[in-house]
Structures are given as structure tokens and as C-alpha cells.
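Step one of this worksheet: look at the structure below.
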Amino acid sequence: MSSVTGIELYRGYSHSIDLYITGTGLFARSGMLTFSLTLIRHGETQYNRDKLLQGQGVDTLLSETGAQQGEAVGHYLKDIPFSTVFVSNLQRAIQTAEFILKTNNHCSGNKMILEPLLRERGFGIAEGRPRECLKNMANAAGKSSREYTPPGGETLDQVKARVRKFLSVLFNQVVEAHGWSGQEPGTEDGDVSDSAPCGFASDGLEGVSVHALVVSHGAYIRVFMKHVLEDLKCSLPKGATTSHVSSPCPNTGITRFIFTVKPSEPAPVLSDARCVFIYRKDHLVNLEAAEQK
């Protein structure tokens, strides 16, 4: 399925493990694992440009602009040593991840886990139609476009259930791969940085040695953000507002979290969560300037 030599793909696995939540804990203590999660939306497709709904049933490739966005985000993140890579199994997400991995200085030969739990929200009969069509259907039902579920589509609660299952899969995979040690060698307990972001690709990563990359979709990411920030009580970046969180993630927009999990049965539990930045698109500045000329 992949067009990039040296990138091995295999199908993701989905555990039916509930996500357990505990009170706030310190970032780096004995018997815990702290890791970063860099969450990215796929690059632009022609359907995005034409304001058509894709969902799960329309599996399109990136547009020319989308490919340029993929190259740009890959270059921006080229020095981040991602050890775990989860990707939606839809082509637009796979292509975006391929651009990121082939540019990365540390990910040669990394396995890309194709995870169906990361697929876009299903929009049922509205897939392939203009977004305006969904808006009209929602208005007729007396609901907003985000809350409305077209016939055959997924409810927000169903997407949220996928998010919860994916987090369980992610926590288990990271712990299985790295054990209970997520600090850089030589750092002391509690030394994981929580300083304000400075606009660098490495923001929030000081003192963290385990890094996960996830590539998914716009509507899915909106539900993911709401669940992590509201249900899991993840802290917001300094200066971020709820309106920023609820706004659409741009194509190849980057969000970063620092998660700490600790041992428990039957699965690791979340001890602490912090959002470093939301929907960053610094890497697109030159592309957007070129398009405006």
C-alpha cells in the first residue's frame, strides 16, 4: 500500500480495554512513563479544496497542495525521533505520514501502524456531497452541522468511543515497547519541561525520550481534543481558549500532548496530561504566502 521504500506497514490492532482515569500526578516519577504525542491532520485533498465531505467512504489521495503540505510538515518535524507511529488507514492520512517519515532523520525503517480507530467520522449519505448539503440537512433537523448525524453516519458518541479505544491501544503499545522509563538519560524525577512553547518543533519535549506520532482527520481530531481536554482534564497551553480548541484543525495542523501513564491492571492508567500547543501551522507560512501571490 505504501509508495515509500523502507517504510514497513502493518495493520493496527484494537484492544477492548477501558481507559481508566486517576487524579493528577507528577510528570516523571519512578514507575511511570512520560511520552509525547504529536497529533497531525492529513494534508489537503481536492475534496477539501472543493468543500466536499469525504468521511470514510471517499478515500482520496492528496492534492498537489496537500503533497506540498506533507513535505513541509515532514521537514518541520525532521529532527523529532518518533518511535511509535499510528496512522488512519485512509489514503490521505497514509500519504501524509509517508512524507513525514521519509524526511525524518531518525525514522528510517520505522513501522507505520495502520489503525482503523483513527479513521474520519463516517458521514453516511452525506459523503461525497458539498458541506452545504450537510448544513441544510442539519438545519432541517433543528441541529448544528457538528451535532447532526446523517442517515448511515456516526454519532459523536460513537466517534468518542473510538477515541477512547485508541488511547487504550496507544498507552499499551508505548508501555510494551519502552517499559516504565520515559525520561532522557540523566534527568531527575520531575524534570520534564513545562515551559511555554517558543515556536520550535521540539517544544515540550525537553526531558522526554519517547515520542509518538499520530496522523488522522479533521472531524475525528475535534472529538479527540474535546475528550482529552474536557473528560481527561488535560491542561490547555498558556493563552489558548476554548474557541481555539473548537475551531477546525487546518490540513497538517500540529497538536502536541505530554502524557504520563502509570502501571495498573488490566491496563496502564493516565496520571497526567498536558497540551503543549494546538493546531500549529508555522510550517505552512511559505506555502500560504505563495498561494496568495
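Even glycines carry a Cβ here, placed using N, Cα and C.
Note that the structure is predicted; figures quoted are calculated from it, not measured.
Counting only same-chain residues at least 6 apart in sequence, those with a Cβ under 8 Å from the Cβ of His42 (active site, tele-phosphohistidine intermediate) are Leu62, Gly66, Ser88, Leu90, Arg92, Ala93, Gln95, Thr96, Val215, Ser216, His217, Asn251, Thr252. Residues or ranges marked as active site, tele-phosphohistidine intermediate by TrEMBL: His42.
According to TrEMBL, the feature active site, proton donor/acceptor maps to Glu120. Within 10 Å of the Cβ of Glu120 (active site, proton donor/acceptor) there are 27 other Cβ atoms, across all protein chains.
Counting only residues at least six positions away in the same chain, the Cβ atoms of Leu53, Gln54, Val58, Thr60 sit under 8 Å from the Cβ of Tyr47 (substrate binding site). Residues or ranges marked as substrate binding site in TrEMBL: Arg41, His42, Gly43, Glu44, Thr45, Gln46, Tyr47, Asn48, Arg92.
Glu120 (active site, proton donor/acceptor) and Arg41 (substrate binding site) are 10 Å apart (CA-CA, integer value). Cβ neighbour count for Thr45 (substrate binding site) (all protein chains, 10 Å cutoff from its Cβ): 23. Of all the Cβ atoms in the protein chains shown, 30 others lie within 10 Å of the Cβ of Arg41 (substrate binding site). Spacing of Gly43 (substrate binding site) relative to Glu120 (active site, proton donor/acceptor) is 13 Å (Cα to Cα, whole number).
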